[in-house]
Amino acid sequence: MKYFIFLLLIGLQSDSVLAEDWKETLLLHHSKNITGVNAQCANDTETWLHSLDILTEVSAECILTKKCTKKEEKLLEENFYALEQLDSFGKFPSSGLFEIPLIFDGSYQECERISGKKYETNYCYVILIPGKNSSHCHVSKSGDLTPTTVFFRSAVCMPNSCDQTEISNVINQIADIPFTVCGSHCSRYPVKKDSAFWGFSAFMIVMISIAILATSVDYILETISSEEEKKEKKNLALRILLSFSLWTNAELILSVKEQKPGFIKCLDCIRFLSMLWVVSGHTVSTIMFPGIKYSSKHRSEMLFSDVLLPITTFTKHFWNHLLLNAFVSVDTFFLLSGIVVAYLFFKQRPKKSQILSPITWTLFYVHRYLRLTPPYMIFLGFYIVYSEYIQGPVAAVGLNAGIYAVESCKKTWWRNLLYINNFGDSTQACYGITWYLAVDTQLYLVAPIVLIALWFSFIWGAVAVAAGCVGSIITVYVLYAEYHLPADQFGKGSLINFGKMLYQKPWIRCTPYLIGLLVGYGIAVFGKRRVRLHWALSVVGWLIALGIASACLFSTNEYDKGAIWTDFEKATYYNFSRFLWAIAVSWVIVANHMGWGGPINNFMSHPLWQPLGRLSYCAYIVHFFLIDFYTNINDSPMHYYSTFQVWIYYAVPITIIAYIFAFFWSCLFEIPTLKLEKMLIEAILGVGNGRASGKVGDVAKLEIKSENPLQVKRMEDVEIVRIEEKLPSDFNMKL
């Protein structure tokens, strides 16, 4: 420390940087008592400013005398924390001024390091409005900010005894800057441990304990039991316990094997690549617009959150449309969902009695709800209870919008439970990405209309699909004519109406799903008929699919640069980009399945994709939470430099972490739920133990096989087979 102070004093020997000149350079003035804050906040701030005064006076004396006494050295050392605290502030103006920086970062780690030396400190971002004593901002008692415009945020390191409003008052009084501080948001804030916290924490401890016990029992039985003993039927209690065995569940997830003939092998690869695309899109939105992903409440406050010039020119770069239009990955998952629902249903060759039985469709819905809801709702509880503990500079620069998201979840979680969270006030939606689970479930509700029509006649089914697609297309044209919506989420127009009327509504998003039902039916019924296709025709097919996909991704290039499109043109793009994207991806799936893919099929159908495909559902659920976690472990907010930088430094690591987290979440909750649900249905209907007969037994067997991705072949061994048939409808994914 003494050596550092010596170097500091050497650097201050210029006559232009002495005592008062130093304070002028730091833009700090302190000539009267601080008012409008609590006593502890005022006292801590006065202590800090007084320490700065001591540093100024003593260092000036040392410079003038060319030597520091022991007393002066002690004073410098005791008060040096004040300079460190000031050094952790954001520097204004910063370098790169002509790129129009919106955030002036300080040093989060430095602010944390000095905490406790004299008082606890907190790293915060203050909201700056141009003009001294500006009237363009209003701060409520709760610290909420409602400015007309927000341009800048600057880091400050302040005593923890000062709350958000008080920090604004203090900075406005002591800082001589041409801005008004309209509010502040801090990287650390108190979180109350309520009954929900203790209750959910106890639940997690119990579940982890059960998993550890089940794993131990499973390992012991596997080690000491003979082959004959392993085949003996286990009692119900033991079977239930072993459902939670991490040993067995991990083996099911990680198993890699050659799939049976007829299975659509390329789906796992498509799921994983689409998942990576989803994470990339969400990561970019987090960098550029932190806070917007939580609630529309912050749209006016969070116009941009980085260096303005690179962000405003982001849409002008051609290849950036791979992320700008990453929203089509949503349509990929809708397509996959429809394909596998129809494929698994018709692969069983259901009888007419099964098709017409109410039991079939009752189980069709009940089974879907039971197998999707537990891992989803348990994670929602995890998010509500623990997400507020993710605190850091990114949360602060995003105005701590996650707090509002959690508050919304506490009020509206029941809508997620009923899968209706895509309706109503979107600003109150719980865990925004889950709108997709709602839409996919709603489409699943009407899927039997098409399935039944297809069973009776392909023509009837095709007419039903065509009617649904035409109805959706007409609706989009009407909405664009009435509300003048943007063509995409980066165009001019009401983004709130875009999300509320188009993006999250099942009658708008149904087109890829309906196409998927038709494609799934075709693969199930005609897929075994290997049709030879000349390699030239195959290449032409792939080139056409590539051209269609490219048009869907890059057609908005001129529009996003500022070209004016009519409402008809925007509606046409929105309608047919999704429709044609589904056609292009359908070609990829059908061509690979029919053997027309060549090396592409070898890559996409490789067994190594299987574990990643199985984990996609849980990975999707958890990834949004993990974006917050990963970005807040840095000591400053992320900054956008290039798409490649975002992808390498953020999207790929977050995807890896998401799949690791998903592995444990699936072992703990998803697979045990599937096993228990299987036992329940078999116990009720007697399937698999000989008690059921006739139509009821046939219906139960059909339903258990029709959509279940983890099919139990022998319950006494808890042996789950055909794990590769995990459904995209179960991997409900959203951009």
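The backbone N, Cα and C atoms fix where each Cβ goes, glycine too.
Heads up, TrEMBL stuff is auto-annotated, nobody curated it.
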Matching range for TrEMBL feature annotation, transmembrane segment, among 112-129, 166-183, 274-291, 670-687: 274-291
Recorded stretches the transmembrane segment (647-669) and the transmembrane segment (533-556) touching, at least 3 CB pairs under 8 Å: no
Stretch of maximal Cβ-Cβ contact with the transmembrane segment (576-596) [cut-off: under 8 Å; candidates 274-291, 326-346, 452-480, 506-526, 608-627]: 506-526
The transmembrane segment (326-346) versus listed stretches 196-215, 452-480, 506-526: most Cβ pairs under 8 Å: 506-526
Long-range neighbours of the transmembrane segment (452-480), counting only residues six or more past its ends (CB under 8 A): 342, 346, 350, 355, 501-502, 507-508, 510-511, 514-515, 517-518, 521, 567-568, 570-571, 574-575, 579
